[in-house]
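Just below is one structure, and these are the notes that go with it.
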Ligand SMILES: Nc1ncnc2c1ncn2[C@@H]1O[C@H](COP(=O)(O)OP(=O)(O)O)[C@@H](O)[C@H]1O
Ligand SMILES: O=P(O)(O)OC[C@H]1O[C@](O)(COP(=O)(O)O)[C@@H](O)[C@@H]1O
Ligand SMILES: [Mg+2]
């Protein structure tokens, strides 16, 4: 058999039936079975004149497979079920009368490029697509539900918000008081709650959703996953991440210029990434200026064979300079901490980190002084931390935020609740909120991407032999 015959045979392979498990989404009708259905107002919207054509509305049976890469040689893993999620988008029938909707929008946790775009598009989408007129912004995170008054939002007010970094609604950590929050939702008469936040926020949102179910309230809750760190599981990536990687380029370029322009110059950049090195990794790969990329998922060490200092010694001899990019969560175990530093947490209960950049800067200087006394040496430490997240989202992230917001609105209008919206393999899906709240997405140091970093930088693998 020649190669072409073999190829044809493979292309004609019949795969035995796939075992697919659909992730069930909660709906308001699970506990309020008598809710009335309404025709989607898009049906009468002049701008959506295709809306009665087949294919415009998404049906409850349209799904997205989570795994799309298979072994086509016949070793098809049919025994374990493949996961499928409901496809996001407008449904022909909805469970809310738009005139009776009172929507609340809140942003929680750290900043991320695109937050204002999501808020803007929730407001404009609710208003223009569904004719909702009562939309409220909750100020300063979860605590805003029960302390202070909401802001009334309309398309005119939010018109330019996508051009601003941060969140006009403000955000905060801590302040999660379940009963006060649900009491406030009830007393203010909100029946749609849009919660934009990261893993902590989503864990809170799951509790809110459970309490709403327990009280049998006609209130739908949707989460929109946010974190600049890009460590939310299941979805392809989180909004704002690409903008942050782009911003990090400026810091890396500056570090490179400084390092190149000094004898034995080291440029050291610290980037965000509490538990994950995605920003550091992508910034390294896209800059091509980085000699060593240090992330929390790959422990490193300084001294001895295979350590950072040995590598830098070589690199400085070869090139005369080196650039190190380190994620804020890397190397935390090596930084000396006193007892109170060991316990320190932020208002949300996240462990506070010590500054790995400051520590590394000082260790590098001590090393040089000890091993190369008298030779010229410079470390230029750049810490652009908040600069990479406190910026306006780029065009790609802005578009992404718009699609997220509209998907969330369509889902809630259809009566889904306790769900999160996000792209899976490029298609927007509805995912049970508790699943996303638990799912993490660390850098996989066994995959091609990390191997690529190693091949580009030739840095050590830091595995002691
Ligand atoms: N396990 C949890 N249960 C309930 N609320 C939580 C939980 N973890 C965090 N929160 C709340 O969610 C909000 C944001 O959490 P935080 O961890 O700061 O940011 P992020 O959502 O970006 O991870 C805070 O108001 C915090 O009190
Ligand atoms: O100083 P802050 O605002 O509390 O937050 C710093 C943290 O926020 C982040 O930017 C994002 O974290 P969250 O998504 O959990 O908010 C981390 O990278 C960083 O560790
Ligand atoms: Mg978090």
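Our numbering is plain: 1 for the first residue shown, then up by one each step along the chain.
Placement of Cβ uses the backbone N, Cα and C atoms for every residue, glycine included.
Annotated ATP binding in TrEMBL involves 173, 174, 198, 199, 200, 201 plus, out of the candidates 110, 265, 267, the residue 110.
Summary of the site annotation: TrEMBL records substrate binding at 227, 228, 229, 272, 273, 274, 386, 387, 388, 389. Screening the candidates 318, 328, 339, 435 against this entry identifies 328 as the one listed for that site. When the binding-site residues 110, 173, 229, 387, 389 are checked against ligand 1, 110, 173 have a Cβ within less than 6 Å of one of its atoms. The C-beta environment of residue 199 (ATP binding site), restricted to residues of the same chain at least 6 apart in sequence and closer than 8 Å, consists of 227, 231, 232, 437, 440. Here the binding-site residues are 110, 174, 198, 200, 273; the one with the fewest Cβ atoms within 10 Å of its Cβ is 174. The binding-site residues near ligand 3, defined by a Cβ under 6 Å from one of its atoms, are 200, chosen from 110, 173, 200, 273. Maximum intra-site Cα distance, substrate binding residues 227, 228, 229, 272, 273, 274, 328, 386, 387, 388, 389: 16 Å.
Each residue contributes its Cα atom, and for residue 387 (substrate binding site) and residue 201 (ATP binding site) these two points are 23 Å apart.
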